[in-house]
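Heads up: the structure comes next, in structure tokens.
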Amino acid sequence: MRECISVHVGQAGVQIGNACWELFCLEHGIQADGTFGTQASKINDDDSFTTFFSETGNGKHVPRAVMVDLEPTVVDEVRAGTYRQLFHPEQLITGKEDAANNYARGHYTVGKESIDLVLDRIRKLTDACSGLQGFLIFHSFGGGTGSGFTSLLMERLSLDYGKKSKLEFAIYPAPQVSTAVVEPYNSILTTHTTLEHSDCAFMVDNEAIYDICRRNLDIERPTYTNLNRLISQIVSSITASLRFDGALNVDLTEFQTNLVPYPRIHFPLVTYAPIVSAEKAYHEQLSVAEITSSCFEPNSQMVKCDPRHGKYMACCMLYRGDVVPKDVNVAIAAIKTKRTIQFVDWCPTGFKVGINYQPPTVVPGGDLAKVQRAVCMLSNTTAIAEAWARLDHKFDLMYAKRAFVHWYVGEGMEEGEFSEAREDLAALEKDYEEVGTDSFEEENEGEEF
């Protein structure tokens, strides 16, 4: 089997983990104590779900996951929550003191104490796999644990499991809603450190999700639970092809092959449709053509940027539910003709399609309506460079005054790391710019010199 191991780091990672495993359990008919419910045999017609769950001798199903936080409160909620019997106690790892929103604490001082234990637990999980496919790592960019500890973990995973793919689900700090002043520092330091270790990173911008909750789901004041449930639907769509049988299935490595043209350009933009509340869904048709075209609306994106200003390098459409290839082909053909989608000239209109027959499941009492079909679009577009530019600008404003830097240096970091990380991100912005320029323009430039 092609197993995936999920690693949830820091408060954001763990809370998204809660939402995701709650949804996975519902999707596979697994109850809160890990045993199969009555519907399970109907849903799991084969054993694809074992990519995410391992089965114990007495018929319990345990998530192939580790939750790590450098302070105990968030993971304690899991230990006392509804799904406390789902996880093995050793899968929930906590430290004593937190990283205090400080990358250096997560990566150097406090993180160093926990890393070996975490790797040991991960090793136990990998030993139970027959054909490990890779790791899914959930974390935020802004927190100390999410940024610092994740980057340390990624470095070590690269050492121990060199060839295995590592996919990130990263929470990008929201432009408006900030939880810490030093988010830009942490984000840029962690991006720089993990850039060479991550194969593909799906960024989720909190603010974009807030807006979707407000606009599409009519939630006036979205809570983290609302946000996380929406994020879990997206994670579920991306991983559905690993957990269910379908017509066109997509493997983890296949994502990379189709979405990542150059190793550094590995930040696909995620869009999901339909995001509708139950009241609205009742009155809407939501055909394949409709949900496909709403994927190209900036309103459905998980990161605030404008693809109409950028160019697409690759595009991957993951459908689930009541969808047939013919409808998809018609929908995509329509998009190609009427949309102002610009592909880079060196990559003619490449759409990769995956279809999965399992319709999206919704959490009872959640915000999303139960729909017959949904689509998740992963596109690699140069527009996402806007997100980096915003972050870099904030970094520059603070770093020009060397504000807050002493907290990092005090934890054993060198100031040079800041400028090194910032240069790396400047290079990343430049990479995106170059990828978007047309190849024939460059040839003309060469002749002039």
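Even glycines carry a Cβ here, placed using N, Cα and C.
What Swiss-Prot records for GLU254 is active site. According to DSSP, GLU254 (active site) sits within a helical segment. Close to GLU254 (active site) in the fold, though at least 6 residues off in sequence, lies no residue with a CB less than 8 Å from its CB.
Summarising the annotation, Swiss-Prot assigns GTP binding site to GLN11, GLU71, SER140, GLY144, THR145, THR179, ASN206, ASN228. GLY144 (GTP binding site) falls within a helical segment according to DSSP.
Mapped onto three states, the DSSP output places GLU71 (GTP binding site) in coil. Within the same chain, residues at least six positions away from GLU71 (GTP binding site) with a Cβ under 8 Å of its Cβ are THR94, GLY95, LYS96, GLU97, ASP98, ALA99, THR145. Summarising the annotation, Swiss-Prot assigns Mg(2+) binding site to GLU71.
The motif 'MREC motif' feature in Swiss-Prot is assigned to 1-4.
This prediction places the mean pLDDT of the motif 'MREC motif' (1-4) at 82. Of all Cα pairs drawn from GLN11, GLU71, SER140, GLY144, THR145, THR179, ASN206, ASN228, which the record names as binding GTP, the longest spans 23 Å. Shown are the binding-site residues GLN11, THR145, ASN228; the one with the most C-beta atoms within 10 angstroms of its own C-beta is THR145. Comparing the binding-site residues SER140, THR179, ASN206 on other C-beta atoms within 10 angstroms of each C-beta gives the minimum for THR179.
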